[in-house]
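Some notes on the structure that comes next.
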Amino acid sequence: MKPKETKNLFSLTTPLYYVNDVPHVGSAYTTMAADAVARFQRLQGKSVLLITGTDEHGQKIQRTAESLNRSPQDHCDQIVSSFESLWHKLDIQYDRFSRTTASRHAEIVKEFFGRVWDKGDIYLSQQQGWYCVACEEFKEERELIDQKYCPIHTNKQVEWRDEQNYFFRLSKYQKQLEALYQERPDFIQPESRRNEVVSFVSQGLEDFSISRLNVDWGFPVPVDPNQTIYVWFDALLGYITALLDPDSEPTLENALSKWWPINLHLIGKDILRFHAVYWPAMLMSADLPLPGRIFGHGFLTKDGKKMGKSLGNTLNPVELVSQFGADAVRYYFLKEIEFGQDGDFNLTRFVNTLNADLANDLGNLLNRTLRMAHKYFEGRIPNVSGAAIPDDHLLKSYAANLGQTVAQGYESLAFSEVCIATLNLVQAGNKYIDEQAPWTLYKQGKLDLVGSVLYSVLESVRLAAYLLSPITPNLSNEIYQQLGFSIDFNDKTTVETAVPFGTHARWGVLPAEQALAEPQPVFQRLELPETVSS
Ligand code: MSP
């Protein structure tokens, strides 16, 4: 396998979402973050593969379908379309949608199982324990609430299981996993999650069962068709199946030939153990290279309370995006919640943040400056070159380091810092234009000075639009269009090739005398609605 680093490729995943229900805002959260990373990597000139998809097997899905009087496959097909439609509404540009019920996935699972089996890492034994179907996971007795409820699904009772299952020798990989966490401190992020995993593993790893009796909805165990492969063993391999080109034979060799190892797995903190412990051990057993990094983000709460069906305070992402638009939703969640921490959704804060940052600070700044360019410079960028503006100019000097700060922010998934650093430039632009008062300079006949003030403000707005484009692509399109460019940040090829970060994230890109479009509000002020129901 050719080392991937030399190939300028970047692959990343969201979790493969359970299809027990339509997508909720938690699933949308991870997916928006993943899309922002993918768009940023494209701006860096990388070829990107963004993988999302659905996890469709197992008892949870089987029971949901039964309760709705549907066949499991019909049920999955219906729910899958609601995921695809939400991703479309949110401008998520995924490259692969991996469904674990796909026949090519069956081939990959069979082959992978074979490798692990041949390694001697699978054996038959008795499984006893408390099982949470909603988590699809065995729970320790001491973790349970009131001795029978799952700590995550607090309204769901765990079920006792006592059956013969196939086990994976996780314990065999304890030392190798410890060495991995030691040698690659960035493998699990953020730091707090890494510590959690390291401490969990240090307590000693137990083998885990990778098959189930009495669950039909899944793939049969290749060596024993009476047993069904455990949904998590199957689902994690969905990441590998997703790497196959649409028309290539479903073999591990083909799947792993171009995009493996995956650079980044984005997940929520509740499924950290599966990704940071079980998954690398499975890969070690199959003698495969390990992914680059696993990032476990926090949970969303609403008005300070944990969001969930049981409390009836979930937030319907479809309704939110229909009401406020994709950019607004993407911006709020990525800016207002520090990625990695738990964070809250509050409608008043949502409306206020968007109005303050995007409608007022950014939108108004562009609008008023464009109007002046129309009035004083016949609708053209003034005849000024960015290079001619002195390096110690307030806006230019701030802009000089901004590209790098923002790049580091995207690399480390600090979306909030990206937004704050960029908005700082916009706020400085507002202050600067008020202080310079180009309308007065114009009356005084200082047209050169007016030109340089307007140029530096418009260039700051352009830079901000560029840097925010992975988060608010439509707003950035509007701004670029009004500045006289014909660039579409939703076009992957354009993003990969025509607007390189090395140039556009720097000061001085606006061409002198470029014709400007008519000023239009780029972001409509939001009104606080009566309610946004769940
Ligand atoms: N099917 C598994 C993942 C298999 S990956 C090979 C699964 N699916 S899930 O649909 O239940 O959860 C998917 C993701 O949504 C998880 O990363 C989870 O953390 C995230 N969220 C679920 N509720 C959430 C919030 N309230 N807030 C933020 N994210 C949350 O687990």
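The backbone N, Cα and C atoms fix where each Cβ goes, glycine too.
Since we're looking at a predicted model, the values are computed, not measured.
As given in TrEMBL:
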- Cys132, Cys135, Cys150, His153: Zn(2+) binding site (BINDING)
- Lys305: ATP binding site (BINDING)
- 143-370: domain 'Methionyl/Leucyl tRNA synthetase' (DOMAIN)
- 424-525: domain 'Methionyl-tRNA synthetase anticodon-binding' (DOMAIN)
- 17-27: motif ''HIGH' region' (MOTIF)
- 306-310: motif ''KMSKS' region' (MOTIF)
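Feature annotations (TrEMBL) mapped to structure.
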residue: Cys132; record: Zn(2+) binding site; DSSP (3 states): strand
residue: Cys150; record: Zn(2+) binding site; DSSP (3 states): coil
residue: Lys305; record: ATP binding site; DSSP (3 states): strand
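Within 8 Å of the Cβ centroid of the Zn(2+) site, not counting the listed residues Cys132, Cys135, Cys150, His153, the chain contributes Val133, Ala134, Glu137, Lys139, Pro151, Ile152, Lys156, Val158. Just so you know, of the binding-site residues His153, Lys305, the Cβ with the fewest other Cβ atoms around it within 10 Å is the one at Lys305. In the structure shown, across all protein chains, Cys150 is the one of the binding-site residues Cys135, Cys150 with the greatest number of other Cβ atoms within 10 Å. Under 8 Å, Cβ to Cβ, and six or more positions away along its own chain, Cys132 (Zn(2+) binding site) finds Phe138, Lys139, Cys150, Ile152, His153, Lys156, Val158, Glu159. Secondary structure of the domain 'Methionyl-tRNA synthetase anticodon-binding' (424-525) per DSSP (helix as H, G, I; strand as E, B; remaining residues coil): 61 helix, 1 strand, 40 coil. A distance of 21 Å separates the Cα atom of the residue listed as 'ATP binding site' from that of Cys135 (Zn(2+) binding site).
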